[in-house]
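What Swiss-Prot annotates here:
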DISULFID  Cys94-Cys105  disulfide bond
DISULFID  Cys122-Cys210  disulfide bond
DISULFID  Cys189-Cys202  disulfide bond
CARBOHYD  Asn83  N-linked glycosylation site
CARBOHYD  Asn169  N-linked glycosylation site
CARBOHYD  Asn186  N-linked glycosylation site
MOTIF     31-34  motif 'LCK-binding motif'
TOPO_DOM  1-45  topological domain 'Cytoplasmic'
TOPO_DOM  67-223  topological domain 'Extracellular'
TRANSMEM  46-66  transmembrane segment
Amino acid sequence: MDTASIYLGLKPPRTLGAWHESPPSLPPDACRCPRSHRLALKLSCAGLILLVLTLIGMSVLVRVLVQKPSREKCCVFIQENLNKTTDCSVNLECPQDWLLHRDKCFHVSQVSNTWEEGQADCGRKGATLLLIQDQEELRFLLDSIKEKYNSFWIGLRFTLPDMNWKWINGTTFNSDVLKITGVTENGSCASILGDKVTPESCASDNRWICQKELNHETPSNDS
């Protein structure tokens, strides 16, 4: 076979472009979504934004409602304390015929009776028999009374079966503050005579001294 026949039998190879043909072009409106789909997407986005705003508004409202009672309680507490402060500055007085000393009011009876009757009389006045706090308080009372020859019942008595002196509020007598001079017997109650505290029969007749804590109410004229 000659050379010319060989060349004629061979087919020419395809060009490179034939293996990489471009894909067929799409119609111009192939990527466009239908108008109804676009509208639905917009409505969904708007609904989502509205939902987020609603949740934020509700959370703010809940927080305000939770904090409101606390603020109201705080205002009430402040107002009550302001009222108390006002009362303290205005009504620091004892009833008529009572003596004021520090935070107590004192009343000296003008009649004599037993220790029990003296305590009952103080109770009717919203008070108790005298509970001596210290020597300074006792000196104030002695200087105010200025009666050296009269005995006055105080809220101290000898109790059984403890066999000990106790104040009527239940506290034990402290001999470092006061000294009791005299013989103590069963059924003894304490009275002050001058600057001395002495034991006496609770059935004896003496005058007495009442005391009550200073309060911030309008003073009464009861004596």
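Even glycines carry a Cβ here, placed using N, Cα and C.
Feature map: annotations from Swiss-Prot on the structure.
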residue	record	contacts (Cβ under 8 Å, 6+ apart)
Cys105	disulfide bond	Cys94, Pro95, Trp98, Leu99, Ala127, Gln211, Lys212, Glu213, Leu214
Cys122	disulfide bond	His107, Thr128, Leu129, Trp208, Cys210, Gln211
Asn169	N-linked glycosylation site	Thr128, Leu131, Gly155
Asn186	N-linked glycosylation site	Phe158, Leu160
Cys189	disulfide bond	Trp115, Trp153, Leu156, Arg157, Phe158, Pro199, Glu200, Ser201, Cys202
With neighbours defined as other CB atoms within 10 A, the best-packed of the disulfide-bonded residues Cys202, Cys210 is Cys210
If you average pLDDT over the topological domain 'Extracellular' (67-223), what do you get?
83
Using DSSP reduced to three states, classify Cys210 (disulfide bond) as helix, strand or coil.
strand
Kindly assign Cys189 (disulfide bond) to one of the three DSSP-derived states: helix, strand or coil.
strand
Cβ atoms near Cys94 (disulfide bond) (within 10 Å, other residues, all chains)
18
